[in-house]
Structures are given as C-alpha cells and as structure tokens.
Amino acid sequence: MLHKYCSSISLFMYFVLVGLATTLLMVQGQVTTRVGFYSRTCPRAELIVKQTVEAHFNSNPSIAPGLLRMHFHDCFVQGCDASVLLNGANTEKTAGPNRGLRGWEVIDDAKTKLETACPGVVSCADILALAARDSVVLTKGFSWNVPTGRRDGKVSLASETSNLPGFTDSVDVQKAKFQALGLNTQDLVTLVGGHTIGTSACQFFRYRLYNFTTTGNGADPTINPLFLSQLQSLCPQNGDASRRADLDVGSANQFDATFFRNLQNSRGILESDQKLWTDASTKSFVQRFLGVRGLQALNFNLEFGRSMVKMSNIGTKSATNGEIRRICSAIN
C-alpha cells in the first residue's frame with residue numbers, strides 16, 4: 001500500500017515537473033532550442049544546409065559574410081524567426097539596412113532541398129542559423145553546435161529595423177541595443193568581430209574621410225594617417241559610393257582576430273567599429289582578444305560561437321506564434 005502511495009506521489013511529481021519544464025520552455029511564446037532537434041525527423045538536415053552553403057561559397061565566397069550578417073539582422077528584429085526573408089511591401093527586406101544583404105538564394109536553395117527530403121519539418125529560421133555557422137567554418141573559423149527547433153515568424157516590418165545597430169552609433173547606443181536583447185558588452189564586441197570577414201561600401205564610411213571635423217585635415221582623427229590616404233584613394237570625395245573596402249584589412253577572407261588588431265592600429269573601416277577601441281568599456285575586451293599582457297586572454301573564435309548561440313535564441317517563436325514555412329519568402 002505504501003509502495004502504491006509512493007508511486008502515485010512520484011507519478012504526480014513527474015507530471016508537475018514536466019509541466020514546470022514546459023512552462024519554463026515557453027516564456028512569452030518563446031521556445032528553447034536544442035542541439036540535434038532534427039535528429040529523428042530530418043537526420044540529414046544539417047548536412048543538407050552545409051553542403052548547400054559550401055556549393056554556393058565555392059562559386060561566390062562573398063556569400064559567407066552575407067549569410068552571417070543576414071542571421072544577425074534577422075535576430076535583432078522580431079527575434080531569430082526568419083522574418084528578414086519575407087517578401088512584400090514594407091517588410092524588413094525592403095528597409096535600408098537590409099537592401100545590401102546577400103545570400104537569399106542560398107537559403108532558398110537549402111529550403112527546396114529540405115522540403116524534398118523532409119517536407120514541412122525544417123524552419124527557415126534554423127536554416128539561416130545553420131548557414132551562418134557554416135559560413136564561419138568555410139572562412140577558417142571554429143565550428144559550434146547550433147541549437148535548432150525555431151519556428152518561422154509571421155510578422156516582418158521595415159519600421160522595426162531601427163533596432164539594428166548602425167555604423168554611426170556610439171558605444172553607449174550599441175550597448176543599449178544589445179542589452180535590450182539580453183546581450184552584454186562582451187557579446188557586443190565579440191559579435192561585431194564578425195566583421196573579420198566581408199566588405200563595406202564607400203557610402204558607409206566616406207564621410208569619415210572628408211569634412212568630418214573642422215580642424216586638421218578634416219578627417220576623423222581616429223583614422224591612422226597612412227590608412228587614411230589609402231581609403232581616400234579608394235573612395236574619392238565625389239567618387240563611386242558603391243566601391244567596397246575590406247572590413248578587416250589584410251585578412252578579409254579569414255575568420256580570425258586580426259579585425260581587433262586593426263582597431264588597435266586605428267584601421268577600422270566603420271566608425272562604430274573603431275569606437276570599440278576608443279571607448280574604455282569595450283576596449284578591454286578588444287585587448288583581451290588580442291592577448292594584451294596583464295589581462296585575461298579570450299579566444300575570439302571560441303567566444304564567437306558562444307555569443308552566436310546566445311544571440312540565436314533571441315525571440316524564438318512557438319507553435320502559437322510561428323510556423324514552418326513551405327517557402328522562406330512567404331507566410332504559409
């Protein structure tokens with residue numbers, strides 16, 4: 001009798017704990033992702049994404065930074081729910097910060113292959129998260145385990161892209177935007193380090209080269225003088241605004257910590273990037289990535305993976321406010 005009573009209590013506690021766990025996993029309509037989510041329902045999902053990204057990368061390496069940036073832009077607006085992929089008037093895709101994104105065709109290609117292998121199973125949000133990781137690996141960065149199980153969102157508004165960090169933002173503004181999403185100062189510096197791959201058009205930094213100040217040569221005084229002349233040659237004051245410069249000069253195709261060395265040497269392309277060195281609250285993290293003596297060193301590649309996992313869990317949708325899209329550019 002006592003045994004039956006204890007068994008009943010145990011069973012009762014089991015359901016209580018399951019219910020509690022479910023509640024914790026669905027806070028405000030958000031679900032917790034996990035590594036290997038598709039291990040039974042679509043075992044080849046991650047491999048299909050990896051092979052698709054690799055095939056496109058082999059013909060056009062610029063899709064690597066493009067996919068990484070796309071995932072970042074997706075997570076900062078409506079959470080990591082593939083809302084950036086939706087077509088339509090006044091969607092996120094139409095907003096200024098997203099017009100230069102590239103890699104849409106890679107996601108569409110992966111989705112088509114996944115729908116053939118496992119119809120209606122793998123979300124576009126997960127494809128984007130996996131593709132971002134695979135892009136880092138293809139550029140010689142470290143890999144990390146990507147938790148999956150996201151659902152695709154049903155809302156995409158261009159007006160909400162103001163949440164995205166901007167190239168003129170002060171460090172305080174950058175920190176506020178990151179903190180609003182649960183990301184700390186170390187995450188900020190780490191994720192901005194993603195600029196170790198990719199390029200920027202002259203239109204986003206040329207203002208730093210001419211008439212930035214009314215003193216000296218008129219340029220942003222935080223730019224190394226020799227580097228300034230190189231940038232002015234690339235981006236003349238009235239020249240082609242679409243010409244591009246490597247964000248990580250000297251190592252733009254390899255995912256490494258040299259981006260931070262360039263900041264130390266006043267060779268940051270974007271104003272918001274260079275400010276990470278001139279602001280004390282972020283400079284210490286840059287120095288730790290560089291292994292400056294007297295500070296606890298940080299391994300950039302390891303920390304990047306950790307911060308990416310943290311970011312990729314922002315605003316994940318549940319079955320009540322999300323879906324598995326059949327086509328990534330349209331709601332079902």
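Even glycines carry a Cβ here, placed using N, Cα and C.
No curator has checked TrEMBL annotations; they are predicted automatically.
Recorded disulfide link (TrEMBL): CYS42 to CYS118, out of the candidates CYS80, CYS118, CYS124. In the predicted model, the domain 'Plant heme peroxidase family profile' (32-332) shows an average pLDDT of 96. The Cβ centroid of ASP74, VAL77, GLY79, ASP81, SER83, GLU92 marks the Ca(2+) 1 site; residues of that chain outside this set whose Cβ lies within 8 Å of it are HIS73, CYS75, PHE76, GLN78, CYS80, ALA82, VAL84, GLY153, SER156, GLY315, given in sequence order. In this structure, the CA atom of ASP81 (Ca(2+) 1 binding site) is 25 Å away from the CA atom of THR196 (Ca(2+) 2 binding site).
A Cα-Cα distance of 33 Å separates HIS195 (heme b binding site) from CYS42 (disulfide bond). Each of the binding-site residues ASP74, GLU92, ASP256 was scored by the other Cβ atoms within 10 Å of its Cβ; the lowest score goes to ASP256. Here the candidates are the binding-site residues ASP74, GLY79, THR196, ASP248, ASP256. The one whose C-alpha lies nearest to that of CYS202 (disulfide bond) is ASP248.
Comparing CA positions across the recorded positions CYS118, PRO165, THR196, CYS235, ASP256, the one lying closest to ASP74 (Ca(2+) 1 binding site) turns out to be PRO165.
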